[in-house]
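**Q** Starting off with a structure, shown below.
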Amino acid sequence: MAKTRQQRSRRRLPQPWKNRIRMFQHLHDFETQKELAYKRIDKDGFGYWTVFTAGAGFLAGAYDIFAVNMITPMLGIVFWNGKMPQRDATSIGLATLVGMLIGQVAVGILGDRYGRKKMYGVLLIIMIVTTVSLALCSRGALNSVNILGWIISWRLLMGAAIGGDYVLSATITAEFAPRRHRAKMLAAVFYAQPVGQLFATIVAIIATACVRRSLSQNASPTDCVGQCLHDTDTIWRWIVGFGAIPPSLAVMLRFYIPESPRYLLEIESDPMGIEAADYLRNRTLVDTLGDEEQNGEQVDAEGGMQERTEDNHETERDSSDFHRIPDNFRGSKAPVAIDTTELSEIQPAYLNTPIPNGEGIPGGSSAPSGSSVPSRSIVVNEPQAAQEIEDPTDPVTPVIAYYDDFGGQGVLRPTQRNSVEVRSLAENSGRQPTSEQNTANNSVIITATPRQNQIHQPRRESWKEFRHGLIAYLSTDGNWTDLAGTAITWCLLDFSFYFLTVNNPQVISKIWDTPAYTNVYPELMQYAWRALVSTCIGAMIGGAIFIAMAKFRHALQFYGFLILSALFVAVGVTFITLLDGRYFAAIIVLYCACNLFFDFGPNTSTFIIPAEVFPTRYRCTCHGISAGAGKLGSIVAQIFLAEAKFGNLGVNDPHSKWLGWALLVNAAVMLAGASVTKAWVPNPCDINGDSRSLEDLGQGKQWRKKMEERERKEKKAADRTRNA
C-alpha cells in the first residue's frame, strides 16, 4: 500500500514529542483517558527537546535585554557625541521593559483563550525581525530620522515579543514536564537568561577587540570621528544583530511542537459537546436507528452502543462520516469516582460559574470539560428531520433530548459551530428513558460526564464567562492570595535585580571605583570585562546550583530573599564606609555574591512557581500577571536609578555615596519579599518535598490545605506504626 505524504514526512522528521492523548482515545470514558494520559506523561524522562525549544527563545530574549548594557556607551559615542543624556539612556532601557509588561499580560490572557501553540512561533519571528530592524536603523540622509524614536520603537516591539515568550515558555514547559522533572525543566529553561547575558558580554568583547587598531588612537569619546566613529557604529550593530541567531535555531521547532496536552484535555476537549456537535452538524442526510442496527449495533438498557462483532465494528469505521458515531460516545461508561471522600466536598467556584444573562444551559451555569461527576444520557432524535428533507444537500439540525441522573429533562438544538441553545422540557420529572422507548423513537443514546446536573456546552467560552470564571477563582475561592504572592514577590525581586543588572554602566563604574578612560577602546573594553566578572559569572554559578536543588524552590526563594537582604546591607555599609579606601575590592566580591544568590534564589523561583500553582484554564493569565508585576518593579527601579537623590547627589556624581544608600533601600525590599513569600506564595510541593501534580495544585488554596492536613495525619499514623 502506498504511503501517504504525511506518513513519509513523519519518517523523515524526528518525533521529539509523543502524542499522549491519542494513545488513549480508544477508551470510552473521558476521565479515564485524561487520567491515563497524565500518568503516562509523568512516566516520561527529562524533556530535553522541550527545554531546548523554550530555552532558545528565552536565551534570545535575555540577550536582547542585557545587550542594551553593552551598546549604550557606543550609542552615546555615535549619535550623541559621547554624552548621551541620562533621560535618553533611561528611555532606551525602559522601552524593552514596558514592551515586556504589555506582552506578558496580553499574551498570557490570549494563551488561555486560544491555546499556547498558536503564538509560540510567531513571537520568535517577531523577535528576529525587530532585532534585525534595530541593527539596521539609522538617522537617514541629513539626520532626517529621529534615531531615538526608532530605537525606542523597535525595542518596544521586541520587548512585547520577549514578554509573551516568557509566559508561553514557562507554561508549555510546565504542562509538558513529568511531575518529578518539572522544577528542573523550568529551572533549565530559565538558565538561558544568565547564558544570554554571558553571550551578550562575550560578543561585545570580541566585537570590540576586532576593531582595536582603529580605536587605539588618541580618540576620546567626545571627538571620535572618521574611522573611529565608523567602527564604533559597526560594533553596536554587530552586537544587536547577533541576537537574531539563537531564535533562528529554534524557530522551526516552535511551529513543530504540538499543543499542550493539558490544554487540549482540560479546555479544548469535551467528552460530549464538541465532537457531538461536529458529528451532528456535518450530517446532511440522517438515517434512522434501524439503519444503524443493520450495521450490527444495538442499544442496551443503559444507553450504551454495543458492537456485535469485531468485523461489524471495522465495517462501521470504514463507512461514511454521515453514518458514524464518534468514538468518544461509543459505549460510554460512568466516570471514575474520587476515592478521597474528604476532598470531594471541595469544588472550586470557578468550575461552576454562572453564565451572564443565563444563556447556554438550564440554571444559567457552565462547567469546564473533564469533570468527574454523575453522568447524563443524551438521546439524539433523528427520524422527522430525515422525512422532511427535500434536497439531500440541505443541512439538518437534529434534536438532542437529555435525561439526567437528577430527574431533569431538556432539549439541545445546535445553532452554530460551537454553541447550542438549550430549552427545558420538564423539571424534576424523575423519569428515565427505557431501551424500548428509545428504540421505538428511533433514537441514539449517548452517555457523557458533565458536572453537576449541567450539560457541557460544545462552544468556546465567551470573554465574559472567562472573566467571571477568573474572578470567581480568585475571589470566591480565596485564591487571590496565591496570585498576590507570586506577583508581589516578582515585583520586589525585579526592582532590585534590574536595578543592578539592566542599564547599569553607572552602577558598574561605581562598584569598581576607577577613573574614566580618555580613549574610546579602553572605555568600551573595560566595561564589558567588568560586567563579565561582577555579573555574569555569579549568575551562571547560581543558576547551575538552583537546577541541582530545584526540588526546594519554595525554600530557596524564602531564604534567598533573606540572604540577599543581608548581602545588600553588607555591600551598602561597605560602600559608604570604604569609599575611596584601600579595601574597596571587598565591595566587588560582595557584589558578585549578590548576583550569585539572585539566580540561586528568587530570580529563578519567581519564574517557576507561578507556572505550577494555577489551574490550566488560567495558568497563562496568572503567570502573565505575575511576570507583568515584575516588569512594573523593574520600570520603577530604572526611574529610581535615574531620578532619585541622596544628599542632593545622584549616582553619577563624583565621590557620591548614593549607591550605598540605594543598596540599603534594596535590602528592605528583599526583606519584604521574604515576608510575602512566607505568607502568600503557595508551595508546589507536599509536606514530603515531592512536587504535586498540576491538577492538584490547580484546585486552589482550600484543596491544597485539605491535602496538607490529610498528609500530616497519614505521616503521624505512619510514624506511630513505625514506632510501635
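Any Cβ shown, glycine's included, is placed from N, Cα and C.
Unlike curated entries, TrEMBL annotations are predicted automatically.
When I checked TrEMBL for this same protein, it listed these features:
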- 305-327: compositional bias 'Basic and acidic residues' (COMPBIAS)
- 364-377: compositional bias 'Low complexity' (COMPBIAS)
- 415-439: compositional bias 'Polar residues' (COMPBIAS)
- 705-724: compositional bias 'Basic and acidic residues' (COMPBIAS)
- 50-685: domain 'Major facilitator superfamily (MFS) profile' (DOMAIN)
- 46-71: transmembrane segment (TRANSMEM)
- 91-110: transmembrane segment (TRANSMEM)
- 122-141: transmembrane segment (TRANSMEM)
- 147-168: transmembrane segment (TRANSMEM)
- 189-215: transmembrane segment (TRANSMEM)
- 235-257: transmembrane segment (TRANSMEM)
- 527-550: transmembrane segment (TRANSMEM)
- 556-576: transmembrane segment (TRANSMEM)
- 583-600: transmembrane segment (TRANSMEM)
- 658-681: transmembrane segment (TRANSMEM)
**Q** Excluding the flanking five residues on each side, which residues at least 6 beyond the ends of the transmembrane segment (147-168) place their CB within less than 8 Å of a CB in that stretch?
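**A** That would be 57-58, 60-61, 64-65, 68, 75, 79, 88, 91-92, 95-104, 106-108, 111, 116, 119-120, 123-124, 126-127, 130-131, 133-134, 137-139, 607, 620, 623-624, 627-628, 631.
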**Q** Within this structure, do the transmembrane segment (527-550) and the transmembrane segment (583-600) have 3 or more Cβ pairs under 8 angstroms, counting pairs 6 or more apart in sequence?
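**A** Touching, yes - the transmembrane segment (583-600) and the transmembrane segment (527-550) meet the threshold of 3 or more Cβ pairs under 8 Å.
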**Q** Treating G and I as helix alongside H, and B as strand alongside E, what does DSSP give for the compositional bias 'Basic and acidic residues' (705-724) in helix, strand and coil?
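**A** Across the compositional bias 'Basic and acidic residues' (705-724), the residues distribute as 19 helix, 0 strand, 1 coil.
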**Q** Taking all residues of the domain 'Major facilitator superfamily (MFS) profile' (50-685) together, what is their mean pLDDT?
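**A** Here the mean pLDDT over the domain 'Major facilitator superfamily (MFS) profile' (50-685) amounts to 75.
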**Q** Can you tell me which recorded stretch out of 91-110, 189-215, 235-257, 556-576 has the most Cβ pairs within less than 8 Å of the transmembrane segment (658-681)?
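**A** Most Cβ pairs under 8 Å with the transmembrane segment (658-681) come from 556-576.
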**Q** Restricting to CB pairs under 8 Å, which listed stretch, 122-141, 527-550, 556-576, is in contact most with the transmembrane segment (189-215)?
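**A** Per the Cβ count, the answer is 527-550.
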**Q** Excluding the flanking five residues on each side, which residues at least 6 beyond the ends of the transmembrane segment (122-141) place their CB within less than 8 Å of a CB in that stretch?
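**A** Result: 57, 60-61, 64, 79, 107, 147, 150-151, 154-155, 157-158, 160-162, 164-165, 168, 237-238, 240-241, 243-244, 247-248, 250-251, 254.
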